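For reference, the structure is listed below as structure tokens.
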Number of protein chains: 2
Amino acid sequence: MSAPASKAPLRLGLAGLGTVGIGVVKIVQEHAALIEARTGRPVVITAVSARDRTKNRDADLSGYAWETDPVALARREDVDVFVEVMGGHEGPARDATEAAIATGKDVVSANKALLAHHGQALALAAEAAGRVIRFEAAVAGGIPVIKTLTEGLAGNRMKRVMGVMNGSCNYILTRMQAANLSYETVFEEARQLGYLEADPNLDVGGIDAGHKLALLASIAFGTKVSFGAVELEGIGNVSIDDIRLAEDMGYRIKLLGVAQMTGRGLEQRMTPCLVPASHPLGQLQGGTNMVVLEGDSVGQIVMRGPGAGMGPTASAVMGDVIDLARGLHLPTFGQPAATLADPQPAKSATPAPYYLRMTLLDKPGALAKIATCLGEAGVSIDQMRQYRHEGANAPVLIVTHKASRDDIDHAMGRFAATGVLVGAPVALRIEEV
Amino acid sequence: MSAPASKAPLRLGLAGLGTVGIGVVKIVQEHAALIEARTGRPVVITAVSARDRTKNRDADLSGYAWETDPVALARREDVDVFVEVMGGHEGPARDATEAAIATGKDVVSANKALLAHHGQALALAAEAAGRVIRFEAAVAGGIPVIKTLTEGLAGNRMKRVMGVMNGSCNYILTRMQAANLSYETVFEEARQLGYLEADPNLDVGGIDAGHKLALLASIAFGTKVSFGAVELEGIGNVSIDDIRLAEDMGYRIKLLGVAQMTGRGLEQRMTPCLVPASHPLGQLQGGTNMVVLEGDSVGQIVMRGPGAGMGPTASAVMGDVIDLARGLHLPTFGQPAATLADPQPAKSATPAPYYLRMTLLDKPGALAKIATCLGEAGVSIDQMRQYRHEGANAPVLIVTHKASRDDIDHAMGRFAATGVLVGAPVALRIEEV
């Protein structure tokens, strides 16, 4: 082993004193000796910033300089590493991160939105300045997935990366299933329990999870982060009927992110999917996260762990900090940002079976008309069930053979003209895992 | 990011051209451009060694210098990193590793036995020489668990580390359960399929898995590797009856390694245990490995992946090689070997419920005598079942409340004197996961 570059303390400037920030303070204070034994040097906090100094935060902050402005914190001369756990992809978080890089600091960030939107520019700036940005805490909470992908599996050409990375959505879907409740009921429950962001669409619309997927895809495939190219579909249209029907066929519905490099380009989607109930993804309960990493040599690696919370997120932040204390410096996305390729976005090019649920008018020939639309779009049918019903409308479930999303959309476009459809049909991909 | 220390190629000397060695050759050859993009420098093989040069190995080795003696390979001046994938904890593997360190090379090893027996001495030698030894491939095949524990979770005080780390044993146990076959039948099947080591006791006796556990424990708890202190019990006494009875109670039997730091010292055991069928450990099938890492901040992280084979093991070797190419140098066990503590071995100090199965003479008062023995040893009973039977012997199943292994052994010691026992009783820990 090489001795650490310096026995001088590594000095952190901590921006944000919410749950995660206080978690970082606790680890730095309680594990000072442990961390010094592991890194060969002390790791200390010299300064912190947050808006409200008077708030009771259940931690002793008296030894730290206080800045109200995170940009001022980022510029301090007694800070080596700027630790950003504020959140927000514009405003103070962005300004302070840029200021930190401009004044020669390394950055440890838990901010998935900032990196999903500005990761490429920030990485270029950091690399030009000879600094690093690390963001383990931004993806899948306490699971060290960035490190695993960038370092542990670096001998692989990655084939596919998947993940359930929004605990709130997984809570809602598993609770619907377990308690046989509607989406609306469980959504309201989750809101009242404080499980959802102030803007719940960040969670249930798949945006937060989409940010994380875009970051993983960049690292896995050596491409620039392209959040705008992620196909996003939230869980708002998943009904308890879908959950029950999927269960009957041996599947669970998950908000699953998939990034895959294909001959047509980079697929990135964050959508509700059916996965086998017997796969670890299908068995994932509540707020837990899971990532599945598939490489050409290693095959499939599955990692499961807490996706949020004080301890897990602070653990991820400190993993990055300890790497810096040990002198491990890698480019933000695993290779220099200037060498990342422009991804060619491909809309779900990889065919898969699809689950289609719809309600038809109970008229002779209605089902035949739907089947014809599918056939004309080149989609063949694996299973079709019409359920016993009362009244004029018949619930119908179709499982297709493998088809592209384009063909499915094409067929569904034709459904409308048949005049036999009641309401909108639901189409969910059955992901092969 | 810092530029790599040098753009010069990193030159590997590869000792061992079995399955794993050829896997390493393939990755180095097929992913040369990918690896250079990720590390900023070429990674090349300059020389190889194996006993038989004439063997057809399905790889182009023509560009590499050949050494018959791995010690000569380790000493070559055109080698920067000695990659040891031969195996064996004495003889050529040990000699060559020592020679590599003595001549200033870093070492990447897949050799769990060597490190479990001589890890401390080798690490001290390497650190004195300013070199590193890395061994991701020695534990849990393709799962980057060493990196996760040493780096990703380095902000945690680890509480417990568990794992199913011998694929052959897990194959035998899951096959017994799925096909309702005896241990002897499946053992023979596994032997014929080539799933077992030449000395099968390395697998089914828990020795191979015990080596891996001792390495994980050292890293997790900052203690010297102490394989000799691992409580080892193989799977040879697990009967199909045990598997069926455990299943009835919602458990699966796994050869589970557990390392845990307690007030009384370091517990390390590799023994057949009952784990809940609903936990990922209980669901693990066939040759797959799983490790469970529990830290004070992160909570529980579970990693699943292939535990052996050409691709997965070579992937782990190359993860280490790429770290070296990037200039990431950590001490062998995560902190300098000279600072590792002497572990205080504690025999299963942590109490757990136990599963006890025995056969009693069908006489009045037999069960009462057994219950009395347990009571006198301070072990209380949670469940007791006597099964319907024909003939003079009654099968009895007892699940205890939490007890220490010492108390269980104490009670079982008293069973013999009762004169009601037929054969030896079976005691399996029910691990809380």
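Residue numbering: from 1, along the chain as shown.
Here the Cβ of each residue, glycine as well, is placed from N, Cα and C on the backbone.
Copied from TrEMBL, the annotated features are:
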BINDING   A:Lys112  NADPH binding site
BINDING   A:Glu197  L-homoserine binding site
ACT_SITE  A:Lys212  active site, proton donor
DOMAIN    A:355-433  domain 'ACT'
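When pLDDT is averaged over the domain 'ACT' (A:355-433), the result is 92.
Rounded to a whole number, the C-alpha distance linking A:Glu197 (L-homoserine binding site) with A:Lys212 (active site, proton donor) is 16 angstrom.
Taking a C-beta cut-off of under 8 Å and a sequence gap of six or more, the residue listed as 'NADPH binding site' has these contacts in its own chain: A:Phe135, A:Ala138, A:Val139, A:Asp208, A:His211, A:Lys212, A:Leu215. For the recorded site, A:Glu197 (L-homoserine binding site), the DSSP three-state label reads coil. When other Cβ atoms within 10 Å of the Cβ of the residue listed as 'active site, proton donor' are tallied across all protein chains shown, the result is 28.
According to DSSP, A:Lys212 (active site, proton donor) sits within a helical segment. For the residue listed as 'L-homoserine binding site', the number of other Cβ atoms no farther than 10 Å from its own Cβ, over all displayed protein chains, is 16.
In terms of DSSP secondary structure, the domain 'ACT' (A:355-433) contains 25 helix, 32 strand, 22 coil. According to its DSSP assignment, A:Lys112 (NADPH binding site) is helical.
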